[in-house]
Each structure stands twice: as C-alpha cells, then as structure tokens.
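Let me begin by presenting the structure, written as structure tokens, before commenting on it.
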Amino acid sequence: MPAVSLPPKENALFKRILRCYEHKQYRNGLKFCKQILSNPKFAEHGETLAMKGLTLNCLGKKEEAYELVRRGLRNDLKSHVCWHVYGLLQRSDKKYDEAIKCYRNALKWDKDNLQILRDLSLLQIQMRDLEGYRETRYQLLQLRPAQRASWIGYAIAYHLLEDYEMAAKILEEFRKTQQTSPDKVDYEYSELLLYQNQVLREAGLYREALEHLCTYEKQICDKLAVEETKGELLLQLCRLEDAADVYRGLQERNPENWAYYKGLEKALKPANMLERLKIYEEAWTKYPRGLVPRRLPLNFLSGEKFKECLDKFLRMNFSKGCPPVFNTLRSLYKDKEKVAIIEELVVGYETSLKSCRLFNPNDDGKEEPPTTLLWVQYYLAQHYDKIGQPSIALEYINTAIESTPTLIELFLVKAKIYKHAGNIKEAARWMDEAQALDTADRFINSKCAKYMLKANLIKEAEEMCSKFTREGTSAVENLNEMQCMWFQTECAQAYKAMNKFGEALKKCHEIERHFIEITDDQFDFHTYCMRKITLRSYVDLLKLEDVLRQHPFYFKAARIAIEIYLKLHDNPLTDENKEHEADTANMSDKELKKLRNKQRRAQKKAQIEEEKKNAEKEKQQRNQKKKKDDDDEEIGGPKEELIPEKLAKVETPLEEAIKFLTPLKNLVKNKIETHLFAFEIYFRKEKFLLMLQSVKRAFAIDSSHPWLHECMIRLFNTAVCESKDLSDTVRTVLKQEMNRLFGATNPKNFNETFLKRNSDSLPHRLSAAKMVYYLDPSSQKRAIELATTLDESLTNRNLQTCMEVLEALYDGSLGDCKEAAEIYRANCHKLFPYALAFMPPGYEEDMKITVNGDSSAEAEELANEI
C-alpha cells in the first residue's frame, strides 16, 4: 500500500506523539494517536499505527502492540519509522538479532538517520558484532565529527578488535581537539588519558605509554593508578632502580598491599633468600605495625628462620587479639614441616600462658592479658580442625567458650569444626547459637542460613533470612529479586539431597535467569559510559560479560541441574502414590499407625504453612499490582513461571542438561568436570564421537582422574566390545583414537593397570572397584574388598571419599551388598566418630534440632507418640 503523507495539522500531532514517547507520557501519546487514526483518511496511516503499537508495548500490552506495528509496516514498507519501531519492539523482547535486521531495513530508506545508527550500534556491541559495530561507528563519526561520543565509540571498536595502534591513533587525534589547561584537573579528560594509556600498554608500546604518563601526569586525577601503572611500565622496560623507587613510594601510601612488595622484589631481584628477607626487614623497621611485611616472608622462609619470623608474627597478632590470623596462615598448611613448627609454637604459648601469663617462661616484660590465652585457644581449635583432629579441636574451643561464652567467633569456629567432621546438623545448631548472640549481624545470619541449608533445614533457613528481607514479600521471593545466588545454590543442593528435583531445578533456572539479566543489564552502560568517559571500567565490563558464566555460582548451579537431569533420564518420575502404597504394604499395624499419625501432623503443618503462604502471596500481589498501576513505563510482560512439578517431569531431560552444559564447554574448558558431564550426557544419547571428544579433552587435563577412568572403561566397553549399529567411518575413527588412548589391550587389563598404578589412592581404588564389577559382576567380592580397604597407608582416606565409598555400596555400583555396607559404615564410624553418614541406624531420627530454642514441634510430636 503506498505511503500516506500527513497534512500539517496531523503532522503536528504526529510530532507530539514522538515527543510524548520520548518523555514517557504514554497516555497522552495514545490520545494523539486516536485523533489521527479516527480520521477515515488516515485510519491506516502506517507510522501512526506503529507509534501506537510502540506506546502500547510500553504499557505492557505486547500482543496488541505487535499487531499494530505489523499492520503499520504492511501499510508503509518503505517507512524508516515503521522499521525502526519494529526493531525497538524486538529489542524490548531481547530478540536482538531480529532487531538488527529491522534497523538495517530502516537504514535502506534513511541511511543517515542518527538515531537508528545509534540504536544499531548499541545492539551490535551487545551482540559483539564488532566488525559491524566498527562500520556503524565510522558512519556516526562521519555524520557527527564534532561529537566526542563519535570518536570514542570508533576508538573502542578498534580496541575491542585488538587493533590497538589504530585505536591509539584515533584517541590521540581526539585528545588534540580537547581544549584543556595543563594545570586544570578535569575528571573526564583524566579518564580519557588513562584509557589512552591502557590502549598503548595493551599494544605493547611500553616506552610510549611511560612517556605519555609522564607528560600528562599532572592532568590525571587518579594518582594511585598513575603510580601503579608507572611501576609496571618501568619493570617492563627493565628500569629496575626507578621501579624500586616507585614501589617504595607506593608502600608508604599503603604498607598492607601485597602487590607492592611483589613489585619491589621484581625490581630489586634478590639473589638469595637472605637478600629477599632483607627487603621485608627494612619494611619492619619502617612500618613497625605492618602485618603484611611480616606475613609474606613466611611463604619462602624455612627452618629456624621461619620459626623466628613466625614467632614474632604470632605474638603480635595474639597480643592484639586478631581473629583472622588463622585464615592469614591457612596457605602455609600445604607444607607439613611448617605445620609442625606452627603447632609447636602455639601449643607452647598455651602452656606458658596458663602457667605464667607469658608467651615463654624466659620472657622479660609485662604479663599478657587473659584474652591472649583465649585467642591462642581459638587458633589451636582451628589448627586441629584443619589437620583433621576434631576431638582435640573441640576440646580447645569448648575451653574457650567456657571462659568467654559471649564471643560469637568461638561459636562460629565450633560450628565449622562439626561441619568439617561431617555433622552438619550439629554445626547448624551451633551456628544458630552464634546467631542468637547478635541477631542484628547480617553476616552471622547468612552463615547460619547457609549451614541450615546444608543440613536440609530449608524452612528454618528461609525464616532466618526473613529477618533481613523486605517486609510484605516472602523471603525466598525477595532473595530471588536481589539475585542472592549463594542462597539459591545452597537451596538447590538441599532440595536435590531431599530428592525434590523440581524445587532444585527451579532454583537452578532462577540462577540461569540471573545471568541472563546481568548480560542484558550491560545494555544501559553502552551509552552511559561513553557519555561519562568511564572507558576503562566500560571495557573491563565488556570483557567480564564475555566470560560471565565462568563464575562459580553458575558452575555450581549447572552441575546440580545436569546431575538432576541425568537422574531424571535414568529414573523418570512415576506416580508417587503407587510407590507409597508399595512401601506401606509391608508395614506392621503399629508402624502403619505411627506413619499415619506422622502424616496427619505433617498434613496439618503443611496446611497452616500453605494458608500463611497464600496470605503472603495475596499481599505481595496487591503490592505488585499497585506498583504496576503507578508505573506506566513498564516494558514487556511477566516471565514464564517456573513450576517445580513441570520442571521435574520434563520430556527431554538430556536436552535440558545440554542447555546448562553448553556455556561450560565454551567458558570452563579447564575444569575436568565439564568434559566428564558432557560424556555422561552423550553416553546416554549414544553419541560416540562426542563421547570420545569429551574423554580426550578430559584426558588432556588429568589423565589419571578416577571419574575419567570410569568414563574411559564405559566408552571402551560400549563402543568396541559391544556390537553397535555404527557407520564404518565412525567405527574406524573410534578404533584409531581408542588405540591411542588405551593401546593394544582390553577393558579388564586396562582397569588392572590403572589399579596397580594407583593402588595407594582410595578414590582411584573405588573407581577401579566399580569397573571390576561393571565388567564382571561375578567379581563382586573382589570389587568390595578393593573399595572398602581402610589402610592408614592409603592417600585421600578422608571423610568425603569414605562417604563416596559408602554411597557406592548402597546405590548398586558394587552390586547388592547391604551387609558389606553396614560393616564398612561401622569401621568408618571409628575413624570419623562425629560424621552423620557413619552413625548407627536410627541416630538421625533420635536427634532433634531446634532453631533459637523453639522446641514446640518436638513436644507436640512426643505427645502424639504417647
């Protein structure tokens, strides 16, 4: 349909529509649209229809908006306004690729439209279409050479494309146009100079970068950045004496910065350990209260010199009462010799302080205050916990608590000792005690909630967090709004442990949405950072966003989700009622009565909680509705609700698992778990070449990893030994690669070789034992013997590995072996007396945990039992 041009009156109204949109006066904009469209001559005016659609989209009426914009576009296909509006609509729905196409169509009809070019450049940088971004920024520079954003955007395009020299030239040309006095300090000009210097450094032009820094030093506001950069550049240019002077100056600014001592070491190049120590001894004299110059030498000293320096360091900290001293020394615990020296010194302090209130009976000087002994005991509790002696650790911390029962840090350490010893429920109880001492401390509150989640006390954890969340909304919803990912990952883990897979997946998907939101949030900074010239931070932001899913929170959520989807594929959820009936069929009358009572109590409790939850939800919905009515600027509709039941009964669990796996394969290639999870998925999909690829990538990271060994045996056995309908090409590739990985052998021999090579490692023995049973179920007895050995000579005979062995005995990885599992549990209980996993049957049922002294539920249950 040919375009209809508006007469002056309607054209003036149309301009008012545009102004209303720009000023977010959407209701007024709709009135003006109605005035134009009510005229029969202009009822189908494309641009007005498009603008009406765009305005409605801003009011949340998405379907109507799309219908109007498409109608407008059909009526005027050659209108840049219609195409631009359609692009804006797609952009609001995060369909950036489609929006880019719309903008390109708009530019066909108005190639020099500044607004469309700017919008296009934003989408290109968002989607990292760097070549396209450079072209668009060049067009903007040609059209508006006087605007600084045009120059800066063009320079950033070259910087991101790693054409540093061109970026530096553009920035220099732009800098020349900036009229600033050499003595005047202007923040934006300062940031421009620092960004220009960063580009020169990344280009490897260190001499030019140093000259640039010295020339414009007076005009740069960030003096610290100038000195730090100068130090790095002088080191790069081997001007070591000058670099040493710079780092000494930086130490005067902040004697507690580790990086300055490292820089000074590089500049002075000490020939031996004594010369290296001399650097720090000078700092002791200069900064007598400095902790870092006393701590860093402990990393490289050994023997008597280490003991001498450590003695001074510990005395200073214990006298002052410095709680984090153990965390400061934690990295030294990799060295057994240093651990022995630490223990000797601190145990000596404790003995001496008890007898004469001095660190050493031969010391001269005034006596130490009683708190010094407290901090020594506090340290010893953490020390023995770290070296795996929880009984001694508990003795020390209990003594400390008896002397000072109001110190929160002591309860925190006691909780940690129980956690590391394997009793997370007792740990949660003690963390709750700590929280009760200071209910206004958010850190303790969060720690307590985290321990409760680890103990699968989800409701209690939610109640704990609710003390610091917004009123009128549920704690869980508010924590999700705040993107509180530590809470959600722990929640997901707890639900997974309780086999509530739907709830766990909901948390994993919520975390996935947070990362999508964080990626989308960068959109606002593309224009803001160029306007404010915060260019260094902006480039760092872009680089961070590119590797965002490397973050541990995402990896943890993805791992939990993949594990659940694999379980759902292996054992799809069935009708729970039928399973429940099968379970109760074998119960005695007394047991059945007890169960029914328990079910009634649980049902009553659930009903009360549901009513409470519904009331909260109604209140929350009222608040949200009010907020929505007040806010006419809301864009887009609500997100799809995550329903646990629906998530747990997904039809294609492996495809869902791949969605979480893909970012890990792209960004977390250095973690072996990424490739082993990939193998587990492709093994179930029978994608042999992808299985092989995963194994090879994992092999390159750690060829002797126990889990990798299991994957290799399964691949070997499935692809080569079992007959499969494989194409000749695939079979040939598999055989060639398998020969490279395994050599001329069979799975059994390969497993035996692996076992001989790693016979002193418990995790490796467990993997080999699983494969012994997998390859030959008749060898079950040998497999169990291999896995359940608890010799002291074995490496990694720790709590975690022993729990994995017990799980393998229960889950069928070593066949049906309940008797062997019970014997192994009893043996492990002697080794790890505090661990819940190895407690006698019925122990957990007898153990009750109350949160902040609330034992009403326990009393009610006891009454019902009677």
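Every residue gets a Cβ built from N, Cα and C, even glycine.
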Based on what Swiss-Prot says, identify which of SER92, SER474, SER588, SER759 is the phosphoserine one. SER588
According to Swiss-Prot, phosphoserine sits on which of SER79, SER302, SER466? SER302
So which of SER331, SER778, SER856 shows up as phosphoserine in Swiss-Prot? SER856
Say a student had to find the N6-acetyllysine annotation in Swiss-Prot: which of LYS108, LYS507, LYS735 would be the correct pick? LYS735
Swiss-Prot annotation N6-acetyllysine: which of LYS15, LYS262, LYS830 has it? LYS262
What Swiss-Prot calls phosphoserine, among SER727, SER761, SER793, SER855, is SER855
Where does the phosphoserine label fall among SER190, SER537, SER694, going by Swiss-Prot? SER537
How many Å lie between the Cα of LYS756 (N6-acetyllysine) and the Cα of LYS735 (N6-acetyllysine)? 25
Cα of LYS262 (N6-acetyllysine) to Cα of LYS735 (N6-acetyllysine): how many Å, rounded? 51
Would you mind splitting the repeat 'TPR 6' (409-441) into helix, strand and coil residue counts from DSSP? 27 helix, 0 strand, 6 coil
Other C-beta atoms that fall within 10 angstroms of the C-beta of LYS735 (N6-acetyllysine): 12
Which whole-number mean pLDDT does the model give the repeat 'TPR 4' (224-257)? 95
The answer for the repeat 'TPR 6' (409-441), taking Cβ pairs under 8 Å and residues 6+ beyond its ends, is 323, 378, 381-382, 385, 390, 393-394, 397-398, 400-401, 447-448, 451-452, 454-455, 457, 464, 467, 799, 803, 832, 834-838, 844, 847, 849-853
Candidate with the highest Cβ count within 10 Å, taken from the modified residues LYS262, LYS756: LYS262
